[in-house]
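Taken from TrEMBL, the feature domain 'ABC transporter' covers 653-890. What TrEMBL records for 363-384, 428-459, 471-491, 503-525, 575-597, 988-1007, 1019-1041, 1062-1084, 1096-1114, 1126-1146, 1214-1233 is transmembrane segment.
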Amino acid sequence: MSLLLPETEANAPSDEAPVPDVYRSLNFRSLQEPYNHSSHDTMASRYSTLDADSLEVMLNGGLERFYKKFNHLSRKINLQLPTPEVRFQDLSFSVEVPATNGSHNTVGSYLAKVFTPWKKPPAVTKHALLPMSGIIKPGSMTLILANPGAGKSTFLKALAGKLQRNSKTEIGGDILYSGFRGEEIELTKLVGLVDQADNHIPTLTVRETFKFADLCVNGLPEDQHDDMRDIAALRTELFLQILGLEGCADTVVGNALLRGVSGGERKRVTRYANGSVPLKALPVTAEEFNALFCQSAIYKKTMDAIAKGFNEHQFESAEDYKKAHSVVNLARSKDRSEFGLAFIQSTLLLLNRQKLNWLRDPPLLWGKIIEAILVGLVLGMIYYEVDSKYYLRMIFFSIALFQRQAWQQITISFQLRKVFYKQRPRNFFRTSSYAIAETVVQVPVNLTVSFILGTFFYFMSGLTRSFEKYIVFYLVLACFQHAISAYMTLLSALSPSITVGQALASISVSFFLLFSGNIILADLIPDYWIWMYWFNPLAWALRSNMLSEFSSHRYTPEQSKKLLDSFSIKQGTEYIWFGVGILLGYYLLFTTLNALALHHIRYEKYSGVSVKTSVDSVKQEEVYVEVNTPGAVEAVKAAKGSGLPFTPSNLCIRDLEYFVTLPSGEEKQLLHGITAHFEPGRMVALMGSSGAGKTTLMDVIAGRKTGGRIVGDIIVNGEPKNPANFSRITAYCEQMDIHSEAASIYEALVFSANLRLPPTFTKEEHLNLVNETLDLLELTPIASSMVGQLSVEQKKRVTIGVEVVSNPSILFLDEPTSGLDARSALIVMRGVQSIARTGRTVLCTIHQPSISIFELFDGLLLLQKGGYTAYFGDLGVDSVKMLEYFASIPGTQQIHAQYNPATYMMEVIGAGIGRDVKDYSVEYKNSELGKTNRDRTLQLCEVSEGFVRHSTLNYKPIATGFWNQLGQLAKKQQLTYWRSPQYNFMRMLLFPLFAIIFGTTFYQLSAGSLKKINSHIGLIYNSMDFIGVINLMTVIEVTCAERAVYYRERMSNYYSPLPYSLSLWFAEIPYLIVVIVLFVTIEYWLVGWSDNAGDFFFFMFIFYLYTSICTYVGQWMSALMPNEKVANVAVGALSCLFNLFSGFLLPRTAMKPGYKWFQYLMPSYYSLSALAGIQFGDDQHMIAVTTNGTTVNKTVAEYIHKTYDYHPERKYDFMAGLLVIWVVLQVAIYLTFKFVSHLKR
């Protein structure tokens, strides 16, 4: 088949073809201009010059005139936009998918793969694309129409060379680009793919995002042709103007938690910033502009005609062949760089972007600095003038803590990786430039942190006060800090997820800590592990600083030798500089490997093909039908709708205004005196250009704004809106599709129904409503699919579904058709209409609706830029009432025949591209319609006998009781954990591995000497600290991933914070029990500790308590801190305090009274005291102990009593201390979820 017939002379694009109305004028001087098709002046002299002194001057006369001038100038300098001809022959694609619809990975499935690797899960082959053939001609635009799941995105990915090739996929047929296969050319030069995902750096502004894309793709303006240089300097501003984004150019892009541009604006940012649109040249006509979907802007070069192969590739003429062949030859050429900027320029640009990303996250930067100050002061305070026998542990910790700080880099790098995966294939930059910028931007932060922390520690701890020794100490510290940061960055590139990256980091850090020469001294390390000591960067850093300190003149040679021997460190100052050199070598090695990993490894999420699609059971003839809007509710019977009772509600807004405070301290008004009413049984559209305040108005009415100042009245059934019960009668479908990705569609709707419907409804009624909603939204065939595996349009339907099942009286929908194809959008909106017909009040923002969808609405509230009302009233059949209103205003052009009324009225008010038009808000305010509507609104604001006052219904803010909330949440969290194998299975896999490593290192090691007993205590300290820290760090991602969902559900009053916080506790319990039992059992018996069963089980219980406390600290920080990165900084600081006050790095007996009390706040103190006490507190073996040059024999019990203050008889006191901290933590988590919110709207 052919998707596009070959162009004929009659239909081929022409340079003089008229520009469609939407592109004709950027600045309307009269409303007649966009509809004025006057003849074009073709005199070349009119377009011989293009004044680019400023954007206003360049666009003087409108876009059409600018395009003509630009086209003339392009021909003058031989700058053209040739495109290849794309032919596909018998193109097909099949993929092996699970045979069970909705199947997904779980902890159980991962375990099955480990223990039964020979069993393969059942799978079937899904043919996403059946063999097809066609041609896409240069200069053309092809529209692909198909039902959801029919393979539209797969087809586009195939043409762009983006389909995954692996053992489970098969790509058939050929795709030729002017006769060449994709692997024979640089395909990224010719083909760009704009996908559905809006992946941007949320903290950058729209202008910064555009400017970065512009420079990466097109290069610097000064590198352009002389005649194009001034125009190139205005490229970014030009596209901001064309795309109607000049009003939000300095607004951050934002994401689910950071309020930024609107959804429509973000989508336009994606269109420009993905680099698919060539910016080196601008199209002459709209046709050529739209054809840019499959081309790259490269200079056309002439070449001799090539006769050979002409007939083989079936070109229409030799001229066609020459043009197409020259384009592809350019793509194959290696003479011209595929990048817009030179290496140094590109690296500097990336470095500037990375710098902005860091500076736009003040909590992260200040968190790191504050952490450095606090930890440095605490470290210096604890080790203030401490005895030199503790220097090994002291210097060890001052270096090792940078591993915990570097661990945060995994999260930071991961949050930018999706943007990297989008931009790198489009040749925005070289991978090496990105890797260098990624590591260099960390240098000033790292140096500042290490300087602050290291300086406080060095001069307070009593180390040699010599500038030379301080410089060596700081140099080693900084070298290790950069080496370990580069290593963590490398792990982020190697890992498919943050959880896996943290798992790899935990394995590495366990080796680094254990074999550093501190936990177990070097001469006690078994031969089969000694290689780790010499490859360990932490060991090299520790050895260098120890040798530097003990080579100073404050120690005699005998003292130095004796102390270094006690630490099992060989003498030799040459090792100081060996260490510095090796650490720098590691830094360069890890940075290079990071660049290679980023270049060659991709973990892009692929939207797989399900066994069934939502269209399997749909009768096509039932979809596209003519719909006329009824004049009254009574005239229509709802085809579908909930039979559950509800209270109809009139919603009125009177003189509503909204103000936000700018960073400068000034107030900006976003909504201006809006008065309107929304009645039961009616569906009202809320429309306006992007940035006009549609979502803002919806948020204000629904009570979703977290800041700003609201003026005016919101009245429901004659009473002022009561926030306490308003959520009980409303449902809000947000633009962002925020859901728990581990839940199935059916589970998500059941969860919402069970929590938001009152207990007066039976379970059967709940399920009937859920099934009815699934049918209404055509989700039944895929109801068992996981939300995380759904397409954008399927997620949108789920977003609507979870709100509809709450049986609301008032339904708010914020752009419900965004991301939906035409068929799905019509299905969804007809479903919403049927909901309205049951007597519910529906207010819906919508962007660019089709005629069929627009005429489903009963009324329209139209906002003009600035938040003013341009129109409010009925639409009428075929929108006649709205059209008659605008036609009654002098100077307003009449609508053309067959024209979309929604598009017409948006053009009339000047929406979209910043036109200067008549102020229709003034026209509406002074019109009879405006006065009539205001009178009607004031009337509805009064209490009426026809409507029940909600204050009389005794609504509770939350529909169900505590135990139902707890049960539903606990079930949901358990399912989420069961379906999060990367988190829980990794713990089950890694903890036994760590136990084997620790156990084999200390295998049956006796406690017969001072070195050995200290190493045993060091192992207990390291085991509980390390296992605790792993849980502390990894739980953050899991909790933060669900935090946005929690905010959405809490704003809708699904549940209260207490059952939610308890559900997090319940979810962790079974997995913590399993992993602690595995770890302790393996390590305990390999090391050969006490064979008393009571001691073993008490050891395990204390270990469980401490690990669970660390896990819940991670959950607490996830709720308390503004984002995941800052939470990582916070837990890093807390883990440092846990270590410092544990009683191992500095025993309690050596601590000074001024801060010794702080140990009572640390769970690590209680845990280590209990664990070490029960193992060695009654040990009567004799060991030699040297004190002040005198050696005496003491029992192990005496030694740990005097040195560490461990008393086995106090073990239950220590256990009680842990239990108290555990309870306090649960209270803290609850209070944080109750009172702290980082949602910014």
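One is the number of the first residue shown, and numbering goes on along the chain from there.
Keep in mind that glycine also has a Cβ here, set from the backbone N, Cα and C atoms.
Values in this document were obtained by computation on a predicted structure and should not be read as measured data.
For the transmembrane segment (1126-1146), the residues of the chain that approach it from at least six positions outside its boundaries are 361, 363-364, 367-368, 371, 374-375, 378-379, 382-383, 386, 390, 393-394, 396-397, 401, 404-405, 407-408, 411, 1017-1018, 1021, 1025, 1028-1029, 1032-1033, 1036, 1040, 1110, 1113-1114, 1117-1118, 1120, 1158-1159, 1161-1165, 1167-1169, 1204-1205, judged by C-beta separation under 8 angstroms. Outside the transmembrane segment (471-491) by six or more residues, the chain places 398-399, 402-403, 405-407, 409-410, 413, 438-439, 442-443, 446-447, 449-451, 454-455, 458, 463, 501, 504-505, 508, 537-538, 540-541, 544-545, 548-549, 576, 579-580, 583-584, 586-587, 590-591, 593-594, 597 with a CB less than 8 A from a CB of the stretch. Mean pLDDT, taken over the domain 'ABC transporter' (653-890), works out to 90 on the 0 to 100 scale. Per-stretch counts of Cβ pairs under 8 Å to the transmembrane segment (1214-1233) identify 1062-1084 as the leading one among 988-1007, 1019-1041, 1062-1084. With Cβ pairs under 8 Å as the measure, the transmembrane segment (1019-1041) is packed most heavily against 1096-1114, out of 988-1007, 1062-1084, 1096-1114. Same-chain residues lying 6+ beyond the ends of the transmembrane segment (1062-1084) with a Cβ under 8 Å from its Cβ atoms: 966, 969-970, 972-974, 976-977, 984, 987-988, 991-992, 994-996, 998-999, 1023, 1027, 1031, 1035, 1039, 1096, 1099-1100, 1103-1104, 1107-1108, 1111-1112, 1115, 1226, 1229-1230. Nonlocal intrachain contacts for the transmembrane segment (1096-1114), taken as residues 6+ away from its ends with a CB within less than 8 angstroms of a stretch CB, comprise 1023-1024, 1027-1029, 1031-1036, 1039, 1064-1065, 1068-1069, 1072-1073, 1076-1077, 1079-1081, 1084, 1089-1090, 1127, 1131, 1134-1135, 1138, 1163-1164, 1166-1167, 1170-1171, 1174-1175, 1211, 1214-1215, 1218-1219, 1221-1222, 1225-1226, 1229.
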